[in-house]
Ligand SMILES: Nc1ncnc2c1ncn2[C@@H]1O[C@H](COP(=O)(O)OP(=O)(O)OP(=O)(O)O)[C@@H](O)[C@H]1O
C-alpha cells in the first residue's frame with residue numbers, strides 16, 4: 001500500500017487578495033472530485049505545472065468533508081488491528097494545524113478531535129455488539145519534537161529535561177522512552193487533555209503566521225481491545241509537522257531562526273529519506289533527524305495518509321512547488337500493510353513505550369514499488385523502446401492536452417504489492433484492504449504460521465519480562481529526572497547530546513542498552529540525584545564488565561551517599577532515612593566550567609573530581625576530540641591514549657566580572673569577529689571564512705542556548721560546538737582579507 005496523499009488548498013486569509021490566487025484544483029475528465037493541483041510556472045505564467053493526488057480539496061472544502069472522505073474509512077481498519085498514521089505537511093501558514101487540530105466550534109474541529117470522536121463511537125459499538133465480551137481501552141501519548149529534542153506534551157514545560165526524552169530502536173521499533181501514557185475513556189476527557197497539552201506546545205508568532213507551530217507534534221492514540229482470550233493493540237498516530245520556512249520572508253529573530261533552521265533541517269532530511277526511498281537506495285537517512293526516525297515513513301506497517309496543505313497565493317509560489325514535488329515523491333512510497341496480531345492474554349503485555357509504527361511492528365526492508373503511478377520507475381523500459389521519459393509531474397502550455405496527463409498519471413493505490421503469500425490481495429476499488437477473520441497468532445509478526453497455541457518459548461517469555469523491567473526502570477528514572485530539573489550548561493548539554501549520539505550509533509550492536517543506562521546515570525548525577533545515578537550505573541555495569549572507571553564512579557557515588565547519610569544522621573538522629581543530598585553543583589552558562597570552586601571534601605565527592613577531568617575545557621585547537629570523555633565505555637579495547645597535556649583551563653563564557661579581573665587585550669580584528677558572532681546573525685556568520693551553513697547554524701544554536709550571554713574571547717569561540725581553534729583562525733584570516741584590517 002502506498003502512502004495516500006491528498007492535497008488541501010486553504011482559503012484566502014484576510015490580508016490576501018483574490019487576484020493573487022495561483023493554485024487551483026481540477027477534476028480529470030469524468031471524475032467529480034478534483035485530483036489535480038495546477039499552478040503556473042514561476043518563470044513563465046503561460047506554462048503550468050500540474051500534480052495529481054488521490055484527492056484535492058478546494059478552498060471551500062469543510063473539515064467534515066475532508067474527514068468523511070479521507071479519515072473516516074480508516075477507523076474500521078484501526079479496530080481491525082492496523083496502525084494508522086496521518087500527517088499534515090506543507091510550508092508555514094498553509095493550514096496544517098487547522099487541518100489536524102482545527103477550531104473550537106463543532107464545524108471547525110479538525111482531523112484529530114473527529115478521529116477521537118469516531119474512535120469512541122466505535123468503542124461503544126464494539127462493546128455493545130459483543131455484549132461486553134470485548135473491552136476497548138483508549139490511551140494517549142502526546143509529544144513534540146522541538147529543535148530535534150523530544151518533549152512530552154502531557155508534562156508542563158518546567159518539568160522538561162533540557163535534553164528531552166531519548167528515542168531508541170527497540171527491536172526494530174522507534175520508541176520514545178519515558179512518555180506519559182494517559183488512559184482516556186471519553187471524548188470530553190480527551191478534549192480536556194488535548195487542550196491542556198496543546199498549551200504546552202511551542203508556538204510563536206512569525207511574520208507568516210501569528211500562531212506558527214515551532215515543533216512537530218505527534219499524538220499517539222493506543223487502542224487496546226481485550227476479549228476473554230486475546231489482547232489486540234493498534235495505534236493511530238496523528239502528526240502535525242511544523243512548516244518549512246523561507247527565512248528571507250519570515251523576518252525571524254534569532255530564536256525563531258534557530259527553531260526555523262531545526263524545522264527546515266528535519267524537513268530536509270524527510271525529503272532526503274523520501275528521495276532515497278524513491279531511488280531505492282539501500283541507506284535511508286532516517287537517523288539524521290529525530291522526526292524522521294520517529295516518523296519512519298515507509299518503514300512502518302499500516303495505513304498512512306498524508307495531507308498536503310497548500311496556500312493558494314503567489315506569495316507562496318516556490319514553497320508550494322517544493323511541497324508539491326515532495327508530496328509527489330511521497331505518494332510513491334510503498335508501505336507494507338500488516339495488522340497487529342492479537343496476543344493471548346496470558347502472554348506478557350506489550351511494552352509501554354511509544355511507537356509510531358505500533359507495538360508489534362518490526363521494520364522491514366524497503367521493497368521495489370509496484371504501484372504503477374511512479375512514472376519514473378518505468379524509465380528503463382521506456383528508454384529501451386526509444387520513448388521519451390515521463391516526467392514526475394507534467395508541464396503544460398496554454399494548449400492543454402489533458403488526455404496525455406491522464407494516461408501518465410494513473411490513480412494511486414493500484415497494484416498493491418505484498419511480499420507475503422498469506423496476506424490479502426488488494427482491493428483496487430477500496431482505499432484500504434479489509435482484514436480476514438481474526439485468528440490467534442504468535443507475537444512474532446514476521447511469522448505467518450497460524451497456530452492455536454502461541455509459540456512462545458520459556459526463554460522468549462523471560463526475555464520479554466526482562467526487557468519490560470528494563471523499560472519500566474528507564475521510564476521511572478526519566479520521570480524522576482523530570483521533577484525540578486535545573487538548567488544544564490551548554491557544555492554538559494553537549495556532552496549528554498554526544499553520549500546520545502553514541503548511543504544512537506551503537507543501537508544496532510545490541511550494547512546500546514548499557515549506554516542508555518550510562519546516559520541516565522549521568523543525567524541523575526548532574527542533578528544531584530545520586531541514589532538514582534548509582535542505580536543506573538549498576539544497571540549499566542553488566543554491559544561493561546571489568547570497566548575500572550565505571551567501578552570508580554560507582555564507588556565514589558556509594559561513598560558520597562554514605563557520607564551524606566552519616567551527615568544527615570549526625571545532624572538529626574530522628575531524621576527519616578530518606579537521603580537529603582545537597583544538589584550537585586551545576587555549571588552555569590556564565591560560570592567557568594571548573595569544579596575547583598566546589599568546596600566539598602574530595603574524599604566524599606570523588607565523582608565530582610572525576611567529572612572535573614571529564615568536563616575540563618578542551619584544548620583550544622582540538623575542541624571536538626576532547627568531548628569523547630566516555631570513551632572508557634567503548635566496547636572494543638582501544639589503544640592506550642596518550643595522557644592529554646595539562647591545558648590552560650579557560651572559562652567557557654566569561655562574564656563581565658571575569659573580564660575586568662583578567663583584562664584581555666583584543667585586536668580590532670578580534671573584536672570585529674566577536675561582534676559578528678555575538679550578532680547571532682546567521683548570514684553574517686555564514687559569510688565568515690571556513691564557516692558553512694551547517695557550522696553557522698551550530699554556532700547560532702550554541703549562542704541561543706547561552707541566552708543573553710556573549711562570547712567574549714577567541715578561546716570561548718573556539719569552544720563552541722563544531723568550531724575549534726583552526727576555524728577561529730580561518731575566520732580571523734578571512735576577516736582581515738575581506739574587511740581590510742591590516743593587523
Ligand atoms: N481550511 C481553512 N479554513 C479556514 N482557515 C484556515 C484554513 N486553513 C488554514 N486557515 C487559517 O490559516 C492560518 C494558518 O493556519 P495554520 O496555523 O493551521 O497553519 P500551519 O500550516 O499550521 O502553520 P505553521 O507551520 O506555521 O504552524 C490560520 O489563521 C488558520 O485559521
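Each position is counted from 1, following the chain as shown.
Glycine too: its Cβ is placed from the backbone N, Cα and C atoms.
Automatic prediction, not curation, is the source of TrEMBL annotations.
Fair warning: this is a prediction, and the values are worked out from it, not measured in the lab.
Per TrEMBL, the stretch carrying the note region 'Disordered' among 598-629, 630-661, 662-693 is 598-629. Of all ranges given (310-352, 353-395, 396-438), TrEMBL attaches the label region 'Disordered' to 396-438. Sequence-distant neighbours of residue 95 (ATP binding site) (same chain, six or more apart, CB under 8 Å from its CB) are 8, 10, 309, 311, listed in sequence order. The DSSP secondary structure for residue 95 (ATP binding site) is coil.
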